[in-house]
Amino acid sequence: MAFDGTWKVDRSENYEKFMEVMGVNIVKRKLGAHDNLKVIIQQDGNNFTVKESSTFRNIEIKFTLAQPFEYSLADGTELNGAWFLQDNQLLGTFTRKDNGKVLQTTRQIIGDELVQTYEYEGTESKRIFKRG
């Protein structure tokens with residue numbers, strides 16, 4: 001699958017504002033904007049393994065498409081949700097455990113980049129990754 005591989009964050013759009021709307025404090029927002037995130041994605045049929053490594057943490061997430069699972073963001077925000085594959089895009093719908101609000105996430109390959117889009121409470125952000 002096209003998502004397989006190692007991806008390093010190259011640039012972000014509106015990411016600090018997105019983190020602010022998510023309730024991340026200013027210190028963590030400033031640090032998060034420069035986290036040097038690297039993502040390794042491996043797909044085996046409907047099963048995915050995603051390894052994230054950054055300045056703040058290293059984590060491995062395993063999930064099966066369309067199957068709910070729990071996940072914690074780098075700031076500790078806990079979510080429940082699932083990923084779906086549609087039109088060569090990974091679409092994630094996650095609900096925050098603390099307030100019940102929904103975070104939408106999309107991962108898609110555009111050209112030679114992995115574009116990850118977040119939408120929360122009307123605020124959209126993108127993180128663009130290059131193979132690395």
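Even glycines carry a Cβ here, placed using N, Cα and C.
Keep in mind it's a predicted model, so treat the numbers as computed, not measured.
Look at Swiss-Prot and you will find Trp83, Arg107 tagged as tetradecanoate binding site. Residues or ranges marked as hexadecanoate binding site in Swiss-Prot (evidence: similarity to another entry): Trp83, Arg107. Annotation source Swiss-Prot lists N-acetylalanine at Ala2, citing similarity to another entry.
Positions of the features from Swiss-Prot, shown on the structure.
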residue: Ala2; record: N-acetylalanine; contacts (Cβ under 8 Å, 6+ apart): Asn88, Ile109
residue: Trp83; record: tetradecanoate binding site; contacts (Cβ under 8 Å, 6+ apart): Phe48, Phe63, Leu65, Ala66, Leu90, Leu91, Gly92
residue: Arg107; record: tetradecanoate binding site; contacts (Cβ under 8 Å, 6+ apart): Phe3, Gln89, Leu90, Gly92, Leu114, Val115, Gln116, Thr117
Collapsed DSSP category at Ala2 (N-acetylalanine): coil
